[in-house]
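Shown next, in structure tokens, is the structure this report addresses.
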Amino acid sequence: MNSAKATSLLFQGFRKNCLRLNRISFASGLINRFTVPARTYADEKVFVRKKPHVNIGTIGHVDHGKTTLTAAITKCLSDLGQASFMDYSQIDKAPEEKARGITISSAHVEYETANRHYAHVDCPGHADYIKNMITGAATMDGAIIVVSATDGQMPQTREHLLLARQVGVKQIVVYINKVDMVEPDMIELVEMEMRELLSEYGFDGDNTPIVSGSALCALEGREPEIGLNSITKLMEAVDSYITLPERKTDVPFLMAIEDVFSISGRGTVVTGRVERGTLKKGAEIEIVGYGSHLKTTVTGIEMFKKQLDAAVAGDNCGLLLRSIKREQLKRGMIVAQPGTVAPHQKFKASFYILTKEEGGRRTGFVDKYRPQLYSRTSDVTVELTHPDPNDSDKMVMPGDNVEMICTLIHPIVIEKGQRFTVREGGSTVGTALVTELLD
């Protein structure tokens with residue numbers, strides 16, 4: 001299946017179970033720590049990198065048990081001292097805290113196995129997470145797809161596999177849930193169907209680990225063979241099958257801003273996922289995009305409510321900035337090593353325009369069409385025109401592969417070879433790749 005053509009399927013019915021990788025569980029900790037005068041850095045916990053860090057998430061159809069499984073993982077690992085238990089209600093409601101009038105999402109789960117440190121996300125209801133998944137800004141290193149033994153594969157099972165493939169997830173582990181409610185023959189049938197589906201969407205269906213169990217039994221401490229033991233087998237499979245991602249740590253630092261928070265008397269915090277490079281506390285950085293070019297110093301770094309001496313590629317972290325006001329910053333700006341990135345407003349890109357059947361436009365469009373462009377965490381209006389002025393009356397039709405000139409209403413940091421998506425009215429118009437910078 002052409003993954004570009006399949007992109008729009010990701011957005012059909014993808015509501016409640018969006019996973020939001022870049023949202024900030026640590027932000028409340030940042031604000032609380034940096035604003036309590038009695039506390040000093042010496043009092044705070046330090047994040048120690050004893051194990052490789054991997055970003056993971058649960059995906060799958062609504063009500064198949066993703067959140068219950070996430071809670072069960074934290075419960076089973078908490079008994080080993082490798083996690084803090086979070087029950088279903090803590091995860092499902094995506095709890096928010098207000099600090100100085102700022103609403104902060106905090107449904108990000110942290111845990112460890114014997115071999116790795118994991119950031120696991122399961123945040124139902126965050127509609128804006130779709131934007132991150134479109135652009136690949138919140139790419140997971142691996143995923144657990146949950147499928148109910150009572151239903152088998154369902155529409156969102158397929159959609160989420162497409163989503164995972166589109167954002168670059170190469171390895172997935174399957175958890176067949178609710179096995180206590182069906183006969184063994186049904187479990188075998190679901191496993192066979194899942195292997196076929198994985199192969200259909202470009203995964204290794206023959207060798208993908210499939211674990212059967214009951215997340216609810218594990219959570220409630222019942223029937224250990226399908227409860228606790230299944231969680232143990234699942235995490236062993238995740239450890240062994242999902243390879244450690246290669247992080248680009250020896251290149252200049254870059255992080256797209258996801259959120260911005262103001263801390264009175266201390267500075268401003270920006271949060272996001274480090275795309276590449278390494279950043280040490282005390283380093284000078286530039287913030288670029290939307291016509292702004294700011295310079296400042298990083299006075300603090302935190303992840304999972306713990307201090308970091310340095311942020312590296314793959315980290316979901318918060319940066320405390322000196323002498324920068326919240327009003328100067330916005331989502332979509334880029335934090336980077338000074339002199340390494342530049343904003344652009346005009347470039348050439350190679351497009352695939354989705355068809356009506358794929359959820360795209362029903363009709364074509366002509367020159368000066370103005371949809372929204374999503375790149376990393378940026379969201380900006382773009383005007384599309386043909387490279388050859390003689391083609392200005394030529395209509396671009398759904399299903400076309402075409403080169404277009406993109407002109408943004410505001411400059412953003414965008415690079416040759418970078419992928420992006422254009423959308424209109426809540427649906428995806430096309431996917432594209434930057435082929436040439438024109439300014």
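Glycine too: its Cβ is placed from the backbone N, Cα and C atoms.
Per Swiss-Prot, the stretch carrying the note region 'G1' among 60-67, 276-283, 420-427 is 60-67. Looking at 122-125, 294-297, 414-417, the range annotated in Swiss-Prot as region 'G3' turns out to be 122-125. Of the given residue ranges 101-105, 131-135, 241-245, Swiss-Prot assigns the label region 'G2' to 101-105. Residues 177-180 are the range that Swiss-Prot records as region 'G4', among 97-100, 177-180, 289-292. Cβ-based neighbour count (10 Å, all protein chains) for G60 (GTP binding site) stands at 26. For the binding-site residues D63, K66, V179, the largest tally of other C-beta atoms within 10 A is found at K66.
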